[in-house]
Amino acid sequence: MNKFFVFPLLLILNSIVLVKSLTENLRVSRYSKPGVSTIILKGGYINRQFIGEISIGNPPQSFKVLFDTGSTNLWIPSKNCYAKACYNKKKYDYNISKNYRISSSKNPVNIFFGTGKVQIAYATDDIHLGSIKVRNQEFGIANYMSDDPFSDMQFDGLFGLGISEDIKRKGLIYDNIPRNSSRKNVFSIYYPKSVDDNGAITFGGYDKKYIEPNSNIDWFVVSSRKYWTIKMTGIKINGLFLEVCSGNIEGYCDAVIDTGTSSIAGPQNDLILLTKLLNPVKSCQNKTLLKNFSFVFSDENGVEKEYELTSNDYIVNSFKVDPILKNPCNFAFMPINISSPNGYLYILGQVFLQKYYAIFEKDNMRIGLAKSI
């Protein structure tokens, strides 16, 4: 797992409130196009966390997973996990799978999530992503999961969709999906505006039905070979351009598109300034008084594109008021200073992705964004 993304996943685990159980069966969409497979995502947290179902083994065993573009490991609990956090999880039974193989080339590892920890051993087995079958895929079997934060989490395991720092690594599952003329090394994510609606993750392509009519797809070159990042040149509010990235060496910031983070995270001083400009009257009783703002990105042709968020997008009641921001509003902002080669990082999580459909192209190393339905 990328070290950098240990903390961002903690944002989604600790910054949202559990409000209901998953009452409907997770399922695969019947409307997937030939060559692609769409997995329906169901919500279990206020507007923030969406969980999908995959199967592992022969015969298949089903698991609920959180799809995370900020990490690179796929792991699920083992039948040998006796920790309290594993009690309410579906556990993988390797004894009943005909294709299970222990991975002798790797030792067990610890993966840390803030104060939490998962201990995994590596194995290979067949992974089923709806109609797509990935044979002999490497994944992690968790023999231990810490009580905090995993006891209260409704997913069984984590499905990493990040970019590996090791360019020779062949363990990433989307790299191993069988290719054909209609199935590409692409996956795309749609998050609904409300937890009551279904989201979707599509492997092998993208689905235009999740894109708002007349909305174009803008394409952005991935600016880091380690993470799903794009070039961010600034923030606009009321026509005022905040050059939050002007002090960086290259003149831009790296903005991570991260499904494993619930909020929008960024440099502390930048977010303090932004909240002051959004809400000068210090009142949140009427959200219409709050201003809109836009992230500005540089596309693959060097053209600046603006992606606007309104108060309906960035004010979320499930978020606590952040003491650092010193503002009474429930901003879905997380002040945090994380360094990168191009200065401090911004992390655009599910608050952003509920407004914009995201397409991740591995072969071309680019990300597509379009306004979602």
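Residue numbers in this text run from 1 along the chain shown.
Each Cβ is built from the backbone N, Cα and C atoms, and glycine gets one as well.
Features as listed in Swiss-Prot:
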ACT_SITE  ASP68  active site
ACT_SITE  ASP258  active site
DOMAIN    50-370  domain 'Peptidase A1'
SIGNAL    1-21  signal peptide
Of ASP68, ASP258 (the active-site residues), the residue whose Cβ has the fewest other Cβ atoms within 10 Å: ASP68
Distance from ASP258 (active site) back to ASP68 (active site), taken between C-alpha atoms, in Å: 7
Structural state of ASP258 (active site), classified by DSSP into three states: coil
